Amino acid sequence: MLKLDSPLFLSFLFCLKILLPPNLAYHDFNLYEITTGTEEYFDCLYLIEPDRIIPYCIRQSPSDHVSPSYDQFNGLYTSQQLRALGVTTIDLYDWSVPIAMIETYQLSQRDDELLYYNCTPPWFGSLCQYTFNSTTSQFFNDVMYYREAMKTNFNPADVIRITNGTCFVYLKNCSETCLDWREICDGKFDCISGEDEYGCHLLESSDCGDQDNFRCQNGQHCIPKTLFHNDATTPDCLDGSDELTTATRCPFFDHAQCDIQYCFSSSKVLFPCGDGQCSPHYPPTPISVCKNGRDLLLTQQMLAQYQRQNQRQCWNALLCTLGFKNDCVLEECTTPILFPISNSVQFIYNSTTTISPTYICYDERYCSFSNSSTVQIHELTCKHFDELIINTYTNWDDLMVDVQHLFRQQCRIHTNCSAHLFHCGESKCISKYRVHDGIIDCYNGQDENYDHSCSLNMSHQQFRCTSGKEERCLSLILAEDKTVDCSNMEDEARKPKTNEFLFQQICNGSIELQDGNETDETDCPEDWPCRTQYTMCDWHWDCLNGEDEINCTTYYNEWNTNLKPFSTKCNVNQHYCVQPYTGEYGCLSSIDKVNNGVIDCLGSTDERQYCIGLYPNELERRYHCWNSTQCINIQQVCDCHRDCLPDGDDELVCPWMKCANPEETSFECISGTLIEPALRCDTQLSCSSNEERILCDLRSQARRKQKRFETEVFLEYPQSSSLLKQIQIKDDYTMIRISPPVLPPVLPPVLPPPLFGNITLAWYCNRGLLIHSKSDGDRCLCPTAYYGNRCQYQSRHLTVTFRLRIITIFDPNLFFKLFVYLINTTTHMVASYEQTTYMPQTSDCTVNYFMQFLYPEIQGNSSSKYSIRIDVYTTHVLNYITAYRTSWMFDDVVKFPLLPINRLVLDLIMPANTLTKQKECLAFRCENGEHAISQKKRNFSFADAQTVGQVNGVSFGMSVSVLRVQYA
């Protein structure tokens, strides 16, 4: 099959979408994987993002036959008729003909037996059988994003009337519970049988093996150390433990990332909403946080089940006391009441007027408490509440937090205590990587109070505190987590990564790299310019007066609103300035006022060297408090907490913020939307006017925008003032060039706001997309992570993410084709494959490519072993000559078959030269003159006739950018 990102089709789409006039109507409702009647999934549309392609398909048994309705198309043609009429592939694309049929028409030298329909918009499909009923856009990405926007408008109580959410249904003995896949091996027994925690002790024993990898906290997989703390918005560990913050934009932003993200926190037990969103309130709870209503639905189900077992009057009285019901009369009732916490934990109340229960009951098979008496009630072991928890409570949420921590500490994670595990008393063992990680896993906190953590023989996974008398080694997740754990605060001293040193950091007046007596500022010429094509508009001041950051289109001086305080626009030679005492936004009258020793603006945005000099290694600590010697982190500004004392000017910067709940730190957009302070300065926009970016440019080198080294944008050296005036900066994402040609802009279609009235349209397919078929009614297009007629089931799969880097000089006319195969090494079959294109000239060097591979086994056959192979080919953009470049092979990538999702994370470096020479092949023509086209994605092996090599007995037959296959 001609994949979306194959060179031929990429060129076709480029010509169609980019070069055509912007007012010309076009669309991309062209199906892939059209049905032949036997596929597990079919009729797919691709969601195209910079680092991934996500297929949305009908993932259920297809109908036996679909008859087209004649008002859905303008004509029906054979290929012979089309050629006689001079119809081109672009015409077929515009007719919404599926890609495979367009490919057949383009590449076939003879007439085929296919029938081609000219679909009438908005209908599309092989038989013009589908429509989104959308008048807003002709692009699938737009339809997808607008449907997601619709979801935000509905109350969770209304959502659960439409759907019961999604479930992981592969466990055989857990039919009583709709589990989310994140609840497998989470240390908590959700199934009555305990099946969700069977075999999970293997995760505690996992190890990465060498110091080049970081072990993710839950032990599921490892990542390269080079990806540790590299992008807070996109964790590489499924549990997010490799990044400084677990704050995400789930569930409505970044679908693919949300669908594989765990809920991880060092301080709270989080409840998974089933779509990447995490709630700090575990059901049963009177506080609903999940946008899809999963916490509310589970709470209602639990309470309804126990309501039948208790006297109604007493039950309602207890619900009033606990806060589950409002506007009711509290009354005393001494009849014992059972109250659910989970399938293995219950409360018993002998009074309806207290928050704390009388007894806590639990399943003694999984948890044990010593040194206290027990009673047996309803086949559970019960202890008096005061024997386990001595606190008193005034609200349900505080009680639940302590109970969750109690059972996380006391219940078994590992019962087979081997020597390489950490022993929590007699009955429980945990991974040694959990010691000093900020999470109490052992009863009474033995793991966090252990005095010999540096002797655990895992220094590559620890941060050593060098000060103080006691020996203390911390888990890496505690370093730079904004909480001081070492006595001299060294764990919070953020240091730039020396292996990612940027060209624009050389000779910029700030020492950031040192080797003996030499630094990055050694032997710099006196006339070395601070304002170059690499330093201008990179979000960081390289010149002491910031002249390299003036006249830039940035978030800091081009606010997209007329609302105060952003109504003032600074001139070409001015910096923005927040006025002291008033918090009004204005501009410095002259650049001469910058770095002159006089503070004119809040935060000392005009005098930045003070905090840099005091805290050179704490790159976020750059806000200088007014009338104070204090410097604070940027995230502490506008977080509803006065950190600058005594004036509190850090909160004056955002005068529109109401801070209704000062106990919770958050940033409030002008619209009223609340976001976490840690997300203020990330790479994505959160507020409609971008106001969350206020003062983010104070941050130092580690956050600067990277620019590639290119000779074609060299400026004259030494620079002349006349040459500098010729430099035009179009925006902060555009490479700076001298007198660039002016091209007419290609604008996206102007879309009206989405319709927010149809809750069924938004939520019926859960994480999928509702599509209408005139013959079959409504259907659901499901992403890879889900299946079922309503995308209600969660699939088992392997995710592969990789970063590809080229660190040597290469031919700029080459681009790279990457083929990634999931290989069943037991049967020597390719179970699934994907491909992508890497263009070094335009690709972001830091992008992580993301792919998902479904296992062919429905229930998960633990006897099957899988490998991932990546083949790379180069293609020349001028003559389309294609050649083999290199390959990587990774064995046993499904480490834990019991887990719903396994992950492989790679940091790949392209070799400078071709490793194995292969015969070249022109465009899509092979030596025998035939085309090698794959029409099927599953259950195939490679043809021996086209074999170019073998790895572990698996034959690989390659023909340029597509596979020649032999069906099994």
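Note: Cβ is positioned from N, Cα and C throughout, glycine not excepted.
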**Message:** Which residue in the list C417, C442 does TrEMBL annotate as forming a disulfide bond with C429?
**Reply:** C417
**Request:** Taking C200 as one end of a disulfide recorded in TrEMBL, give the other end from among C185, C191, C208.
**Result:** C185
**Asked** Mind checking which of C424, C454 has the disulfide with C442 in TrEMBL?
**Response** C424
**Asked** Between C417 (disulfide bond) and C424 (disulfide bond), how far is it from one CA atom to the other, in Å?
**Response** 10
**Asked** How far is it from C185 (disulfide bond) to C442 (disulfide bond), counting Cα to Cα, in Å?
**Response** 17
**Request:** Would you kindly give the Cα-Cα distance separating C429 (disulfide bond) and C200 (disulfide bond), rounded to the nearest Å?
**Result:** 12
**Request:** Give the number of CB atoms, excluding that of C417 (disulfide bond) itself, located within 10 Å of its CB.
**Result:** 17
**Prompt:** In the structure shown, with every protein chain counted, which of the disulfide-bonded residues C200, C442 has the densest set of Cβ atoms within 10 angstroms of its Cβ?
**Reply:** C442
**Complete:** C429 (disulfide bond) to C442 (disulfide bond), Cα to Cα, whole Å, comes out at 8
**Complete:** A correct count of other C-beta atoms within 10 Å of the C-beta of C424 (disulfide bond) gives 23
